[in-house]
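> There's a structure below that I have some questions on.
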Amino acid sequence: MDPTALPLYHIPTNYQDWRTKMREYLLKEGSWYNIIKFFSDQPNHDDYKTWKDKNAKALHAIQDACGPNMPVQILALTSAKHAWETLAKLITFKQREITPGDPRSINPLLDVNAGYYISETTNPPTWIPQPNLNTWLLSYEPPKDFTPLVSAIKEGDWNTVSAFISKDGKILTSIISSDGSTPIHEAATAHQTEMAQRLVQKMSEEDLEIQSSNGHTPLHDVAHVGSTPIARLLVQKNKKLVQIPSAIGSIPVALASASGNKDTTRYLYHCTPIELLYPESGMSGFVLLQYCITNRMLGFKKIYEMKLTHIYAMECINCIFKEIPTTDLSQFSDNVLSLTLVSAVENGIEEFVAKIVEAHPASLMSVDNKGRNLMMLAVASRQEKIFKLMLKYERYGKANITDYKYNNTLHWAGMPPPPQQLARISGAALQMQRELQWFKEVESKVQPSFWDYPNSDGDTPREVFTKNHEQLRKDGEQWMKETATSCTVVCALLITMMFAAAFTVPGGNSDDGLPLFRRKKAFITFIISDAISLFSSSTSVLMFLGILTSRYAEDDFLESLPKKMIIGLSTLFLSIAAMMVAFCASIIIMLHGRLSVIVPVCLLAGIPVSLFVILQFPLLVEIFISTYFGIFSMKKKPNYKIE
């Protein structure tokens, strides 16, 4: 019998007759046994091909027999058994529950699993439920009369909205947009708090549970856009809203955290039963925690909680790695373990890297999709702690490995660094110095033969460094010149003042040309301070002139230019300090004994100088530390232990 002889044009009027005749046809063709047996048990490799042919034949017969009115839930199925069972489930619905064009018809279908199909992911296949995309083809074209209503809601025009409600009270729960939204959905999305308040007053608790085509209640929309006042209105009216999941299983608090809405997340978290966030209740707790970390929702006690999180993370890591020796990692070590380790290296999580390498030494051979090993990743990411850790393993001691493009570790030291690493260093010159320190350090760890080793583009490591740091070198040159020029102007003013002050002593001179107050201690202090200020500012000018006339080669940024800047700034600060001492000594000489005037004047005179030192002294400290105590010369106790 031809299976299309009795097409299923009318559901469910002739379904039982159709089912009987279709079963007889499948039995005759030998496909009925296939439908009953397979799908519940995973097919083995031997008879998979036979099953696949029969499954395709049976599925084709069922779909053909459905005729032109075939339900969309059957269209994308790949399993004949599931098509048979889905069709039976569809028949159980009342006609009014499956409204063509109404997105809310999807929900009862999902409740009985009729909105799912089975996909083949391997050969032989592994059966995994996937959302049936055809269920989302149900669309709704809103009446044109609702367009003014939607506009009025978004604009907060209550008079217009009230007129619609007075005309038809059912409008409160009607779909007024193509995504299945009701008026309260639109008000929530538009941040119209007053509008939402008036709508909520006219709605029942059950009305607020209406879901749009994507399974969103009004509270889901509020969580997505981040309107905490409207969230309070909805939760106060119906506390069950915080527990209702969307079509993909997200409860409102998880959606709020994923959208980065901190205040709304905080409010909904306190309203959500903690049981819904437990692992056994689904993924909501995991999603909430993940996005709270990703979006930096750290609460008020940030420092304490960050430290506490670090401690808990280490305890979690310890628990995980206690299980590794007894776990077979071969099935995922090339994927999950490697990707996790690569991510940890790129983010500089030394404790995790040390633990995983200690528990699973073979992970040292992990590479990323560019063929870069852990040493290259540490250098490319400028993670000095991971770099030092990798050096502790002899097999990586010289880092003599290349990636897929024949770049060795020294090539990656010449690549541009991650922007967030450079942003931590002030001034282009110091950034250039840090890059040179990295290059020199890596150069000392690789074999000399790798210094001139060309990559696939024919570039040696030094050429790669020069190409990728040319702009940074120019920026560093400009930064050095601008800083030196500004400081030179200050030094020139100091020289002028101190030189003139040496010949215009306070109190004047006697007839024989000697200073009148030459025997006072304050006068001796004045002369010594004046001389120190003059000599220091002169030295500072010479250093800054040396910077201005430098050739600005790459290697000059490593030590030559920074040392000149250190000497110049140090002598400048010394000159300023000595100038203030000379000024105070001069005031004491001229206003001898009048402390009520001397003390305030000296204190006020120190304010502008103090501000200058406060603004510029950190730069001197940073240059000094970077030059004489670089990242590779600092001896720090590691936070890990290698057996």
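Heads up, the Cβ atoms here are built off N, Cα and C, so glycines get one too.
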> Between 339-361, 523-545, which stretch does TrEMBL give the note transmembrane segment?
523-545
> With a Cβ cut-off under 8 Å, give me the same-chain residues at least six positions beyond the ends of the transmembrane segment (523-545) that come close to it.
484-485, 487-488, 491-492, 494-495, 498-499, 501-502, 505-507, 515, 517, 564-565, 567-569, 571-572, 574-576, 578-579, 581-582, 585-586, 589
> Same chain only, please: residues at least 6 beyond the ends of the repeat 'ANK' (214-238) with a C-beta under 8 Å from a C-beta of the stretch. Say none if there are none.
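Same-chain contacts beyond the flanks: 107, 179-182, 184-185, 187-189, 191, 193, 196-197, 200, 203, 205, 208, 244-248, 250, 252-253, 255-256, 259-261, 263-265, 267-268, 271.
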> If you average pLDDT over the repeat 'ANK' (179-211), what do you get?
88
> Looking only at the domain 'PGG' (478-589), what are its DSSP counts of helix, strand and coil residues?
88 helix, 2 strand, 22 coil
